[in-house]
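Below is one structure, written out as structure tokens; the observations come after it.
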Amino acid sequence: MAEQEPTAEQLAQIAAENEEDEHSVNYKPPAQKSIQEIQELDKDDESLRKYKEALLGRVAVSADPNVPNVVVTRLTLVCSTAPGPLELDLTGDLESFKKQSFVLKEGVEYRIKISFRVNREIVSGMKYIQHTYRKGVKIDKTDYMVGSYGPRAEEYEFLTPMEEAPKGMLARGSYNIKSRFTDDDRTDHLSWEWNLTIKKEWKD
């Protein structure tokens, strides 16, 4: 039996139900200080120096100005019942993702994992923002607060809370997702598009 596609009215209703108030918050982020400035502050205070070393680690700061401070490397759909890895390499050709699609079985629980590196300076208030579209209609927007991170050689990983994939005849089909990794300064560290297909089973 052919799967029933949602009508324009049904998509509009879904969008309305998922619409969140986007009131601006009266919040002013603190002035950004470099790692060097932080390390120079109260440098004669031995206890404070040890505290900052424990907090920041022995930072090997990248001096190459051509390397972005924040590099987003991978997006992974973490799902214990998936038959294989669901991963996007974000260091390659981002345009190719528009021609591919993850398959997700309806109703399964999953999380999104973002892997990234911070190379030179502390980044405050990082956020992962995701807009979901169905047939060109935006049906959902989700903001995830990632937090503040300092430079280190190892990658960081951020996991979203557990979510349940939509289910039911009207939920099955293709979704276009526009993702963005940003921060308090509204720096666009990376923006990319990818596709998700909800099916009754993992494989037809």
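Note: Cβ is positioned from N, Cα and C throughout, glycine not excepted.
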If you look at how Swiss-Prot annotates this chain, which of 66-83, 120-137, 156-173 comes out as region 'Hydrophobic'?
66-83
For Ser115 (phosphoserine), write down the residues of its own chain that are at least 6 apart in sequence and whose Cβ falls under 8 Å from its Cβ; none is a fine answer.
Val72, Thr73, Arg74, Leu75, Thr76, Glu155, Tyr156, Glu157
Between Lys178 (N6-acetyllysine) and Lys127 (N6-acetyllysine): CA-CA distance (Å):
14
With DSSP assignments reduced to helix, strand and coil, which class does Ser115 (phosphoserine) get?
strand
Measuring Cα to Cα, tell me the gap between Lys141 (N6-acetyllysine) and Lys105 (N6-acetyllysine) in whole angstrom.
21
Within the chain of Lys178 (N6-acetyllysine), which residues six or more apart in sequence place their C-beta under 8 angstroms from its C-beta?
Gln130, His131, Tyr133, Ser191, Trp192, Glu193
